[in-house]
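Please read the structure below before turning to the comments.
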């Protein structure tokens, strides 16, 4: 189970972002961001699960983001399927693919329009309970309350999820400034742990390094309170240095013009190393994360995990595959990537130069950060 893996010190790699990936592929509508594709286009959802599994993810999260009944019917969104049908289909797809590898299935709930409409705690909890009934019936391995802007609602979700006796994780979509009511990351984490969450962290809204910083603040708060928890992070795959407290949804490019902000695979190596060094052991992604991003995370942490993902079969590390190209200048670029990596040794004196110049990278160093090379 998830807690057994984390208690043993294993690194757990989550999957990436489904709604953004499937919107680009033509299976999710931007705006509602609802997951009816699990019933309408199951092969698309199944294939994305498989790609994340092959890339190194060992958590298959059910495609149940915004799958509560109130969200599915929100603002005139008309569907041909019930919430129960969508949640069941999503559980079936996640389990099918998880069984193809060493993966666990996580059933997920997220924030509700009912909370934002000032419904009572009892009413909001009843919405979570309807989704939870499906997850219990389908016997998911653990539960995640994800994408909550307000810790109060996240606590309500955790209180419902923990009734099953299954492990519970909880992630807020907040940055260092805290939730929308100004509750600090540290205090948010304390409230979630006290409510019963064994794993806490953040997902979405901000770039990887901002999210890692926020989880570090949560970790400090939990430890200061004398509590214990495991920590997880599933950030955006976009650079968001100019975001306010609501994250990327306030950017003028959201959601259709975000591509210039996308992180490279090298950025993902750095993210994975920063998260690991911060003591985070559940490391995944959210909106914008494609399978190649997760593969980069898995490759960076391969020395600690003891193996590379299956998708690395088709990926020469640090540009090694380019040495097979027919064009000599492209073959030369393979050396360029190693040169850029060598430059990083001045910042990381612990790097083994023999490893850098060979076919693999020291496990103590993240990949080269993105650079601009000027050719005169």
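Don't overthink the numbers, they just go from 1 along the chain as shown.
Glycine is no exception: its Cβ is also placed from the backbone N, Cα and C atoms.
Residues or ranges marked as domain 'Hcy-binding' by TrEMBL: 1-301.
The annotation Zn(2+) binding site is assigned in TrEMBL to 204, 286, 287.
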Discussion item. If I take every residue in the domain 'Hcy-binding' (1-301) and average their pLDDT values, what number comes out?
Written reply: 95
Fill in: binding-site residues: 204, 286 - member with fewest neighbouring CB atoms within 10 Å
204
